[in-house]
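Visitor: Quick one: structure below, then a few questions.
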Amino acid sequence: MERVGRRDRKPEDEEEFEAEGSKSLFCLKFLWNYSNVDQSISTRSGNSSSSSRGIIPRNGGGSHNHGFVIRPDNRLYQLWAHFILVWAVYSSFFTPLEFAFFRGLPENLFLLDIAGQFAFLIDIVIRFFVAYRDAHSHCMVKDHNLIAIRYLKSRFIVDLLGCLPWDYIYKASGKEEPVRYFLWIRLSRALRVTEFFEKMEKDIRINYLFTRIIKLFVVELYCTHTAACIFYYIATTLPPSKEGYTWIGSLKMGDYSYAHFRDIDLWTRYITSLYFAVVTMATVGYGEIHAVNTREMIFVMLYVSFDMLLGAYLLGNMTALIVKGSKTEKFRDTMGDLIKYMNRNKLGRDIKRDVERHIRLKYERGFTEASALQDIPISIRNKVSQKLYEPCIRKVPLLKGCSDEFINQMTLCVHEESFLPGEVILEEGKIVDQLYFVSHGKLEEVGRYEGGKGDSFMSLETHSSLGEVSILCNIPIPNTIRVVELCRLLRIDKQVFLSLLDIYFLDGRIIMNNLTEGKSSTIDQIIRESKIILHIAKHESELAMKLNCAVHDGDLHRLQSFIGAGANPNATDYNGRSPLHVAAWKGYEDITLFLIEKGADINAKVRNGHEEVASLLANAGASLLLDNIGNRLCEAVANGDLELLRRLLSFGTNPNSKNYDLRTPLHVAASEGLYPASVLLLGAGASVIAVDRWGKTPLDEARLGGNKSLISLLEDAKRSQLSEFSESFQRKQGKLSCFKKPAA
């Protein structure tokens, strides 16, 4: 960040200027003195500060700035540029005249020519100190090496050759005719005139129609002026003895003859040549002036061919002025309407400057993707978007690991935007509604150090993402994002982005993981990550609800699309229910089988009588997990629900599970005299010798009930269980005796 302030001129600097003693450095010295006056500091939204005068002082721009640098918008430099523009207009018109009508300039014109070339020499020196705006980054380049290299590669050689005194060289070389052709190098100065007209066309303070008409008139005048000079020069290439074989030497207007035309005054010769050029260009006239020799015929043919192109150019521009179809005029109309709107609403100078810069950037950089492709079918437009934006989006760290389908959808939803250096994209403390990806350029993230002392800066390069924390976590953006170099960003709206995350669940989870892993572990960041974790939990809960709703509705197709998009089949809702719970509850066999195939947790509770679904779960290796299973079994026996009892036992339930009184289901069956239930329990391995809280066995309960058949069944079962127990005990004793050591 550059600061320009008051600085006393050093004595050694003054000595350097005095030591030069050259008149060619007078203007530089004047600008140097001017740069040492008080400079006002203008800042906007944290933009890089610069002098309102536009001169960058020595050592004011970093290690790369050796000496002072002149900004293009400096007022003194603007005056100098207009002064050189006057000389450029003079040189552009006088050069063809000098080439055609003079074989060596007279003394007064020679001195004027030397003064003009001296002014252009000074301008060459000044150009090595004038900063320029880089076309790619749109930043002001102030490094002397870069300024010099740019000028040396562009117009330096042409400008330097144009400053040479070719008239003096022509005389010194013995009036060699080829030397005079080097005068045409000076026509490169006409580029300054075209640049001036381009600036006038963009200046909305000047009437556009007036500017265009003046420009077209100057173009026509200059073309005819140059052609007139060439017409006369061709006539002078023949010796005086053959003047009658030239267009002007054979010309006779009334009683006036142009024989010995070299002796006629300059003004008459020039007007006659200009008249010949104009009527030839317009293809009108009476034929009194015409080509005579072969050279003149060839040039007339070339000139008339060029005139057809020039006429088409002039007519096309006039038509564009009438129908208001030119790009520049649309730019001016848009800019004018915006300025009227901003003035009416008193939006302020800073906002005006931002709007004007953006409209001008849009005009200078041509069409955007939206305007250029608006008439193309959507299918082709999508292909173009994928070709342009997919390489950039795929390299964004936030989207690392996302599916190709998600990336392709992102390329179809982004919009391209350009921002100038110094613009604030996202401001600290604001809620963000857009997510940005850096396609080209450089930005900086401006934040506060802990404790609020000073600002911290972090550079953001290509493929970075902006505003992701604010969008995904619904919190204000923590830092300000500001443009350093001209940036091209890809923008996607928040609602569109979140809608894509709702469809592509797995990619949403990957993005959230990338977001938490890509942040530092400061205290402020830890708080931010905790909010991210809450957002992840909320997202998982909503996803589980969608899965359970699909299962509840029996919509297998919707469930398959959710699982295919990355949804977790084991996700549970607020009540702890997974999709398999709901499928088992509703009795959907096809959905249950699909969830088992997708790796759903098979240890789900079954208590709604869907035997087929329960069988599927049991065959898949599920175990029955019920709270107070002893109470459930005893209730089933007491209610006489043999089907439920059979299902519970078939799914691996322990028949000896006890209730709160330590009674087994067989206790209840024996006390109630339920013979079928007792048979079912004994077949499942129920113990006859189990005792309850009061020390009673199921056989004791049967004897109290007096059911002889049941008593007999339980006595037989008791003998069988005791016999099995005795045999098992003896086998264990035998195994233990084998390991005992013999006595010594």
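Even glycines carry a Cβ here, placed using N, Cα and C.
Curation does not apply to TrEMBL; its annotations are automatic.
Residues annotated as domain 'Cyclic nucleotide-binding' in TrEMBL: 398-516. According to TrEMBL, the feature transmembrane segment maps to 79-97, 109-130, 209-235, 267-286, 298-323.
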Visitor: What residues elsewhere in the chain lie close to the transmembrane segment (209-235), defined as a C-beta under 8 angstroms and at least 6 residues from its ends?
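Guide: Counting only partners 6 or more residues beyond its ends, the transmembrane segment (209-235) has Cβ contacts under 8 Å with 92-93, 96-97, 99-101, 190, 193, 197, 200-201, 243, 246-249, 261, 269-270, 273-274, 276-278, 280-281, 295-296, 299, 303, 306, 310, 313-314, 317-318, 321.
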Visitor: So if I exclude everything within five residues of the ends of the transmembrane segment (298-323), which remaining residues of that chain have a CB under 8 angstroms from its CBs? That is, six or more out.
Guide: 209, 212-213, 216, 219-220, 223, 227, 230-231, 234, 277, 280-281, 283, 291, 329
Visitor: By DSSP, how many residues in the domain 'Cyclic nucleotide-binding' (398-516) are helix, how many strand, and how many coil?
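Guide: Split by secondary structure, the domain 'Cyclic nucleotide-binding' (398-516) comes out as 40 helix, 40 strand, 39 coil.
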Visitor: Calculate the per-residue pLDDT averaged over the domain 'Cyclic nucleotide-binding' (398-516) and state the result as an integer.
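Guide: Summarising the domain 'Cyclic nucleotide-binding' (398-516) by its mean pLDDT gives 82.
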